[in-house]
């Protein structure tokens with residue numbers, strides 16, 4: 001390894017390229033030499049595996065069920081096959097990329113009747129699944145490990161023979177084993193909360209769930225709307241009276257008769273004692289109180305911010321965690337995939353869920369549904385999502401420009417929630433037109449418990465650095481409501497500078513994806529020169545958490561692999577501290593091609609998806 005690094009030192013660039021991180025010259029290399037070294041070392045290690053275990057053919061047989069490699073279309077003739085005559089490319093999926101649908105994993109499945117004590121299958125000959133256990137085991141993909149994490153942790157594996165580590169807990173006659181001591185120790189424990197029950201799902205699909213408090217609030221909205229219309233009609237009548245003085249007395253009397261008509265009771269009760277029914281069911285001071293100040297907040301990250309990743313970040317010191325953005329309409333329809341985003345692990349001591357929507361009625365009902373059926377510490381409104389799918393229908397960043405709807409949503413959700421309501425916003429929609437400073441004073445009056453401000457506009461995305469000067473201004477306007485700042489934090493030095501702006505806390509997003517140990521660095525005020533083996537242990541923990549969360553069967557394994565590859569696409573941007581010429585690494589600096597201090601460190605620095613698959 002030292003020889004390879006010294007050979008490439010002379011080919012390193014003397015002058016640092018603008019936008020690239022400054023790495024010590026002895027570690028720099030070129031793209032061709034980097035990939036040549038990674039590929040040659042990998043092939044060598046594969047050859048050693050083959051020679052130790054047997055022939056190359058045996059190694060290939062074990063990998064029969066693995067996905068095919070991506071086919072590259074390098075020939076000009078091949079490249080133009082998917083193009084129209086006018087030169088425009090045909091829309092659709094990339095056909096050269098292998099894609100396996102999740103339903104294909106069910107084709108070679110063992111019948112439930114066999115799993116459940118060999119009872120008779122109710123479908124008889126029409127059943128498409130296996131009834132012969134030996135036949136199923138011969139057609140099942142090869143095991144990918146000798147020990148099962150679920151069996152070693154909980155004493156039994158719920159996936160039985162379908163587990164991809166089945167040999168670890170299966171007898172020669174295909175009986176599933178159990179560790180009774182571990183099973184008793186784990187009995188009655190449920191580490192994951194907020195799962196969607198079948199009864200609730202059926203009620204949501206039949207629209208038989210009662211939303212009493214939401215109906216009360218929405219009724220006040222309709223009454224306010226009717227009152228405004230009546231006021232508008234009254235002003236019109238007054239205008240007509242002034243234009244025609246002869247009929248003034250008659251018109252006023254008619255209006256008075258209409259107001260006192262027994263058929264139409266007045267919208268506001270004016271007689272009798274004031275009861276709790278006339279006021280909001282909980283005052284703000286009676287809501288559950290959460291201390292948000294001086295906390296490290298792991299941002300709700302779509303796709304990558306799943307439960308196994310949050311567990312990893314909790315181990316490294318994240319104080320607040322939040323589920324991925326969930327669409328309120330999908331939650332109200334009882335979609336299992338959307339409810340999975342609300343799941344909470346027992347290690348998440350301060351946990352919230354983030355919802356997205358653009359209408360007061362759906363958002364209020366969704367808040368009441370979450371309040372009555374889940375265990376959360378706060379609910380967050382996403383009014384910062386920049387993607388077109390959300391923005392064009394008025395959600396996400398679109399709420400910032402629809403102040404009236406935004407106010408109705410916040411007040412409605414506050415009405416039905418027993419926990420604090422928080423809001424995540426951006427600086428604005430247009431790049432040079434910040435509007436957050438206008439919204440924040442209004443949101444204080446609406447009853448928001450905490451505000452998170454991402455220091456970029458919708459148009460900016462990640463093209464420029466976050467505007468922390470503007471965040472400073474907004475934090476003063478938000479006081480006494482806590483305001484968290486978000487944007488470009490990748491080291492404890494960045495966090496210290498952010499805290500100097502006067503924000504109540506810090507939200508970390510991409511920084512946690514690139515290096516989840518950033519929470520430890522901030523709390524201990526140091527730069528952690530983490531080794532490649534320690535980083536591999538982090539990925540191993542994520543894999544075990546993923547198998548526990550998504551399952552150890554083929555579908556669960558593939559899902560865990562997918563999310564790990566998503567995460568590795570961020571993790572490869574990390575540059576070890578010992579290789580940097582200037583510490584710390586900045587989030588907007590691209591890593592140049594460099595050789596690590598060992599082969600694994602070099603492999604983890606690769607931005608090629610094929611190398612991520614090797615790590616996986």
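Just so it is clear, glycine is given a Cβ too, placed from its N, Cα and C backbone atoms.
Range annotated as region 'Disordered' by TrEMBL, chosen from 170-195, 248-273, 274-299: 248-273. It is 221-240, from the ranges 141-160, 201-220, 221-240, 301-320, that TrEMBL records as region 'Disordered'. Counting residue by residue with DSSP, the zinc finger (147-172) contains 13 helix, 1 strand, 12 coil. Residue counts for the domain 'C3H1-type' (105-134) by DSSP state, with H, G and I taken as helix and E and B as strand, are 11 helix, 2 strand, 17 coil.
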